[in-house]
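See structure below.
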Amino acid sequence: MPWTSTNRIYAKPSNSSTGMSEPHARSNPPAKAATTAAEDSGGRFELSDHGYGKSSVKLLHVHRDGDRHAIREFEVSTELKLASESAYTVGDNKEVVATDSQKNTVYVLAKKHGIKTPEEFGAVVVNHFLYTYRQVVEAKCHVIEYPWERLQAGVPHNHAFIFSPTATRWCEVSQARHEAVTVKSGLSGLRVLKTTQSAFVDFVQDEYTTLSDAAERIFSTVVEAEWTYDNMKSADFDDAWLTVKDAILDKFAGPPDTGVYSPSVQHTLYQAEKIVLEKVPEITWIRMTMPNKHYLNIDVSKFPANVTKGDPRHYIYQPIDKPAGLIYAQLRRRPKSRL
């Protein structure tokens, strides 16, 4: 459809007479305001990046299908980049789509289209801003989903839910004018711990080393992951997110009866990333961060044996919040050879 905005920037200039004589008007032309940072600073500076938007627009989407209802709760942030810098340099707001209007747009689009997945809704939002306002050259939409699950009361409940914060799902969708939509999805706050099948040995030992080899240790981390897609049309965003989460848990924990051995955080992280790229062909690359949350063994050897004697099955560790080791890696598909 054609541009439908009634914003004043699209009003045609008036052809009516100003009442001034032509010679007088020509002899005193109005001074032209500097509309870019480069013009304003005489070429000394430039506005290398700029944008604005509305953050943390919260909404609950309820889909009622007879007696059975489904919910998804989101926190949506929008960001627009305008072609003009005049709002910054001269305080001219005629091209500015107010952040309050951006908030209203999120609600209206959610009501009109519903929200199937965060990624697809983000694409609807950015496309709307680019299509509706020709002064917008790039739009972004960041979506966080709150982890609600259907309440299990012997059987799945029709309309009751329980907050289950195992991990937080998010995505960032962006689109520049005349370019394709790009989607980055992510998972954060996935905290896991296992009490065995973890080691860290044979690392560098030098004059700076005090850490001893650990053939048996607690392994705990809080996983952050992000990934991009090369094909939005064929991607199943819900399934991809679950695949990433399941891959992390599988390579971290292993089978429930035997577990899986981890020689390092690095190895576990790589194994999880590899299985994601093998299972989801639409994902271009995936990056994970795994901080090593330490649990240190409490040395009770300095206490008398009659004081510490007890059930040998008891093991006590001290949680250490900071500092923490930080391990990360990004695994991507290698470009196919054209030969």
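The backbone N, Cα and C atoms fix where each Cβ goes, and this holds for glycine too.
Unlike curated records, TrEMBL annotations are generated automatically.
Residues annotated as active site, charge relay system in TrEMBL: Lys54 (among others). Summarising the environment of Lys54 (active site, charge relay system), the number of other Cβ atoms within 10 Å of its Cβ, over all protein chains shown, is 20.
TrEMBL lists Thr99 (among others) with the feature active site, charge relay system. Its Cβ taken as reference, Thr99 (active site, charge relay system) is surrounded by 16 other Cβ atoms within 10 Å in the chains shown.
Per TrEMBL, the feature active site, charge relay system maps to His294 (among others). Around the Cβ of His294 (active site, charge relay system), a 10 Å sphere holds 17 further Cβ atoms from the protein chains shown.
If you look up TrEMBL, you'll see Thr99, Asp100, Phe200, Arg217, Val265, Gln266, Asn292 marked as urate binding site. Val265 (urate binding site): 21 other CB atoms within 10 A of its CB, across all protein chains.
Over all protein chains present, the Cβ of Arg217 (urate binding site) has 22 other Cβ atoms lying within 10 Å. Annotation comment: TrEMBL describes Thr99, Asp100, Phe200, Arg217, Val265, Gln266, Asn292 as 5-hydroxyisourate binding site.
For Asn292 (urate binding site), other Cβ atoms within 10 Å of its Cβ number 19. Among the features that TrEMBL reports, O2 binding site is placed at Thr99, Asn292.
For 1-20, the entry in TrEMBL reads compositional bias 'Polar residues'.
Residues or ranges marked as region 'Disordered' by TrEMBL: 1-49.
Checking each of the recorded positions (Phe200, Arg217, Val265, Asn292, His294) against Lys54 (active site, charge relay system), the C-alpha distance stays within 10 Å for none of them.
Of all Cβ atoms in the shown protein chains, 19 besides its own fall within 10 Å of the Cβ of Phe200 (urate binding site). Looking at Phe200 (urate binding site) and His294 (active site, charge relay system), their Cα atoms lie 12 Å from each other. Asn292 (urate binding site) sits 40 Å from Thr99 (active site, charge relay system), taking the C-alpha atoms as the reference points.
Note on the binding-site residues Asp100, Gln266: the fewest other CB atoms within 10 A surround the CB of Asp100.
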